[in-house]
Ligand code: 5AD
Ligand code: SF4
């Protein structure tokens with residue numbers, strides 16, 4: 001329970017609300033006839049703060065008996081929006097629900113609880129969630145006993161929680177990114193009180209270990225750190241995810257070893273900025289390069305990581321990645337813009353030149369490396385010339401693929417109040433030109449593979465053709481080929497015969513690939 005949010009009226013717009021009671025445990029209010037129990041609400045000012053308070057790691061998170069039967073005979077659905085961090089949080093949410101006795105369903109009519117794990121990174125991500133809430137309102141009318149919850153990054157935003165309180169009073173539960181482990185308590189509270197329960201901590205964040213996870217598929221995600229301290233001027237993440245805090249190396253390594261033991265073929269180490277791993281340790285000198293070096297020795301075939309910040313990508317890490325083995329030759333290195341002036345306004349803390357120098361250094365150390373990136377067009381005030389610099393950087397690096405976005409203002413971030421004189425048509429046109437350039441280089445990088453043999457981790461039957469299997473190369477390229485479904489989950493060698501922009505095709509062969517062939 002947060003004791004931080006004392007002066008509610010200061011931060012929160014309770015217009016139209018009647019206060020029913022208030023004490024140190026929170027506040028009960030009524031809005032439009034709906035009673036709401038606010039245990040704690042988002043507080044943007046606190047989300048911005050980065051104090052000296054050290055990170056606490058909680059290990060004792062065993063669910064007690066009283067919670068284990070709440071969901072017996074009941075069903076759940078969790079809808080996930082946004083990034084891999086959210087996907088992974090959903091695995092924890094599902095793990096907790098299953099410990100409470102709930103079982104998964106895909107049928108909304110059968111569900112006793114539906115949770116929306118939301119993303120706040122761009123406005124269209126939020127629009128999708130509000131659209132979905134509109135659909136779920138009908139279901140809630142038919143099934144009033146069903147619990148409907150909103151969690152994830154949107155619930156950390158004051159404006160979103162206000163909007164739900166005022167206009168979507170049929171929601172039963174709102175909890176934040178720091179409150180996932182509290183889910184059993186919050187469900188219990190919502191079921192018994194029949195009130196809407198809101199608990200969103202803005203605190204700098206603990207690390208909660210040993211929560212259950214319901215993992216699916218061949219690829220396992222492992223959080224190595226949480227939060228972000230970079231405060232890029234366009235980005236909401238430092239507010240919604242709290243300060244940078246790293247999991248202890250022994251906990252990460254134990255989890256990776258356990259996944260290896262369970263037969264996972266690939267893991268992805270997750271963090272908003274994995275290169276800052278370990279910066280917050282006060283008692284040990286142990287950084288991301290050291291972690292990768294230790295994980296390199298674990299018997300798991302492929303190890304990926306996301307996402308990197310160019311600023312913290314140090315030489316030791318490059319040296320370790322160059323060892324290869326299970327450390328694959330794929331680096332996602334978000335650049336955001338090719339113009340040093342725009343990068344400065346974004347507060348990225350590197351220049352076009354230093355980014356290119358880093359990319360060349362990595363290429364020299366890992367010659368067959370595949371780079372992917374994130375790029376924003378139409379940042380406030382971006383000129384044609386500055387956009388051209390982004391295009392020329394794309395050509396110079398020759399990315400294998402990229403996620404590209406039109407800048408979306410996020411309330412409370414510094415960029416949201418910058419003057420923006422770039423019309424939307426210009427932004428859209430820039431996005432199209434950028435995508436055309438990215439596609440050209442994706443195709444070129446695929447074409448270079450023609451005739452070569454690649455190692456593919458077989459993921460399943462191809463989405464568009466039952467007769468084909470699909471899988472990924474070490475560089476994360478999608479490959480389609482004919483083969484038996486028995487091969488799902490194993491590694492095969494595929495000789496590439498045909499290439500497209502988004503995928504490559506080939507024939508399975510028997511002879512083994514050598515490490516240097518493996519791309
Ligand atoms: N508008 C557009 N794109 C954004 N991203 C983050 N914030 C915004 C925003 N306000 C993009 C960045 C980041 C990726 C995850 O999302 O490119 O790397
Ligand atoms: Fe957002 Fe920048 Fe942090 Fe990435 S590094 S999460 S873009 S603030």
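Any Cβ shown, glycine's included, is placed from N, Cα and C.
What TrEMBL annotates here:
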type: DOMAIN; residues: 74-192; note: domain 'MTTase N-terminal'
type: BINDING; residues: 83, 119, 153; note: [4Fe-4S] cluster 1 binding site
type: DOMAIN; residues: 214-444; note: domain 'Radical SAM core'
type: BINDING; residues: 228, 232, 235; note: [4Fe-4S] cluster 2 binding site
type: DOMAIN; residues: 447-510; note: domain 'TRAM'
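Comparing the binding-site residues 83, 119, 153, 232, 235 on other C-beta atoms within 10 angstroms of each C-beta gives the minimum for 83. Mean pLDDT for the domain 'MTTase N-terminal' (74-192) in the predicted structure: 96. Here residue 228 ([4Fe-4S] cluster 2 binding site) comes close to 235, 237, 238, 241, 244, 272, 273: these same-chain residues lie at least six apart in sequence, with C-beta atoms under 8 angstroms from its C-beta. Screening the binding-site residues 119, 153, 228, 232, 235 for a C-beta under 6 A from any atom of ligand 1 leaves 235.
The residues near the [4Fe-4S] cluster 2 site, meaning same-chain residues not in 228, 232, 235 whose C-beta sits within 8 angstroms of the mean position of the site's C-beta atoms, are 230, 231, 234, 236, 237, 238, 272, in sequence order. With DSSP states grouped into helix (H, G, I), strand (E, B) and coil, the domain 'MTTase N-terminal' (74-192) comes out at 63 helix, 23 strand, 33 coil. Each residue in 81, 82, 85, 86, 118, 120, 121, 125, 152, 237, 240 lies on the same chain as 83, 119, 153 and has a C-beta within 8 Å of the C-beta centroid of that [4Fe-4S] cluster 1 site, without being one of the site residues.
In the domain 'TRAM' (447-510), the DSSP tally of helix, strand and coil residues is 4 helix, 34 strand, 26 coil.
With a CB cut-off of under 6 A applied against ligand 2, the binding-site residues 119, 228, 235 are reduced to 228, 235.
Residue 83 ([4Fe-4S] cluster 1 binding site) and residue 232 ([4Fe-4S] cluster 2 binding site) have their C-alpha atoms 18 Å apart, to the nearest angstrom.
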